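As recorded in TrEMBL, the features of this protein are as follows:
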- 1-26: region 'Disordered' (REGION)
- 10-20: compositional bias 'Basic and acidic residues' (COMPBIAS)
- 36-55: transmembrane segment (TRANSMEM)
- 67-93: transmembrane segment (TRANSMEM)
- 105-123: transmembrane segment (TRANSMEM)
- 155-176: transmembrane segment (TRANSMEM)
- 188-208: transmembrane segment (TRANSMEM)
- 220-238: transmembrane segment (TRANSMEM)
- 258-281: transmembrane segment (TRANSMEM)
- 309-335: transmembrane segment (TRANSMEM)
- 355-374: transmembrane segment (TRANSMEM)
- 380-401: transmembrane segment (TRANSMEM)
- 413-436: transmembrane segment (TRANSMEM)
- 442-463: transmembrane segment (TRANSMEM)
Amino acid sequence: MGEGSLRKRKGEDKGGEDGRSIGSHEPQTMNLQQQVGLISGICMIVGTIIGSGIFVSPKSVLGNVGAVGPCLTIWAACGILATLGALCFAELGTMITKSGGEYPYLMEAFGPIPAFLFSWTSLLVTKPSSFAIICLSFAEYASAPFYPGCDPPQVVIKCLAAAAIVVITIVNSLSVKLGSYLQNFLTAAKMIIVTIIIVSGIVLLAQGKTENFEDSFKDSKISVSAIGLAFYNGLWAYDGWNQLNYITEELKNPYRNLPLSIIIGIPLVTVCYVLINISYFTVMTSTELLQSQAVAVTFGDRVLYPASWIVPLFVAFSTIGSANGTCFTAGRLVYVAGREGHMLKVLSYISVKRLTPAPAIIFYGAIAIIYIIPGDINTLINYFSFAVWIFYGLTVLALIVMRFTRKELKRPIKVPIIIPVIVALVSVLLVLAPIISAPELAYLYCVLFILSGLIVYVLFVHFKFNWPQKISKPITMHLQMLLEVVPAEDVTE
């Protein structure tokens, strides 16, 4: 890989190794820098995972299984699944050190079509919709204190969410360091609110508030479909466990830092989640938790009164941090897909002055704003966590396949084959459970949407029609001048 930190093709390499002189009129190329260390890596994992999920999901997990015992068990199981999944991704990430998450792995194992379908679904659906839903939940928590006793108007929530998207997009387009520093700061804020909730919970437990944990498996409704849907909601709170794989090219010493960040980061999150849920149950019975509008706010009102305003404020920080992490990493996916010729070329360009994939991040922010307009993305997320698990399953299958087809590849980290097998089986169950238990047309639409990517692939990538090129060339040129971006250097393996 072109390891050297960013080499600008300007005055520095006078007729460098590829024989380009300064005066030549060939396009300048550049690479992303390696600027993310171990602490930033852990912050990126913790910061992206702990977002709006833990403040929104406990209700739906409990609603599906019906009792405290199975609810806590599912939170722990989701953490174990996320850790195993992330370890599989660590093997893939150190074997194929290209940014872009699942994209390059699907490309190596199954060829361009599944990889294109993944980038198609991710770029236009799963990533922007999760970005939008996080910003919407940020807006709900941020506006709640101004409307005591009633729900904030939808217009206020949507405008706030759109403003959040614009700010995060601008910060990430301006600088890698700024995006990274913002992430570290917001992660600290998030850990404060998590600590406040956990410590209050432990204090209450010590005072003997344990009545909600007696007979904790009583009244539980356990069925394959209920567990499947509870896992969906739990895993939505863990989503982001594979985020470091999107920025492999920017990690310092990836062979050491990638697995270490995972082994420290995700179990840390799991422990936090289980403890937060225990804290919730010290103050609320199952019924009260299910009736609460925003669980964390109810908790704050009961435990921290008169300082209960702390909770919505810090939850807002937390959700913004999660959205920032998602934006920071997903901008890289557009960049890799554009580099492979699967998206508009201009999306893979890098800013000359800022060294960030600015066009990719701006494109991503624009799509997320479109998702905010219809509003109820909660339903969307259910269907798209369905889509996400199709691709997680495929990616882990790619790992198993490459053990046999690509034996020559170096594997600095090698996980026991049983781990990817478990993850692949679980993802099959996760995809099938909701379809079998509660078949809805929306799942069919989701599959059709993924498959419609095939039409786009055949027309524009496989046959490479000329007319789109003619239209996009002048647009690319104008955007290049406007944003001051240049093509990225080819990464040699």
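FYI, residue positions are counted from 1 along the chain as it appears here.
Placement of Cβ uses the backbone N, Cα and C atoms for every residue, glycine included.
What you are looking at is a predicted structure, and each value in this text was computed from that prediction instead of being measured.
The stretches the transmembrane segment (309-335) and the transmembrane segment (105-123) meet in space: the count of Cβ pairs below 8 angstroms, excluding pairs fewer than 6 apart in sequence, reaches at least three. Listed as Cβ neighbours of the transmembrane segment (258-281) (distance under 8 Å, sequence separation of 6 or more from its ends, same chain) are residues 38, 41-42, 44-46, 49-50, 54, 58, 68, 71-72, 75-76, 78-80, 82-83, 86-87, 89-90, 93-94, 194, 197-198, 200-202, 204-205, 212-213, 237-238, 241, 244-245, 248, 251, 289, 295, 299, 413.
The recorded stretches the transmembrane segment (413-436) and the transmembrane segment (67-93) share 3+ CB pairs below 8 A when only pairs 6 or more apart in sequence are counted, and are therefore in contact. Stretch with the most C-beta contacts under 8 angstroms to the transmembrane segment (67-93), considering only 105-123, 155-176, 220-238, 380-401, 442-463: 220-238. Nonlocal intrachain contacts for the transmembrane segment (442-463), taken as residues 6+ away from its ends with a CB within less than 8 angstroms of a stretch CB, comprise 112-113, 116-117, 120-121, 125, 341-342, 379, 383-384, 386-387, 390, 434-435. Same-chain neighbours of the transmembrane segment (380-401): 85, 88-89, 91-92, 102, 105-106, 108-110, 114, 118, 121-122, 125-126, 129-130, 133, 232, 235-236, 239, 242, 371, 417, 420-421, 423-424, 427-428, 430-431, 434, 442-443, 445-446, 450, counting only residues six or more beyond its ends whose CB sits under 8 Å from a CB of the stretch.
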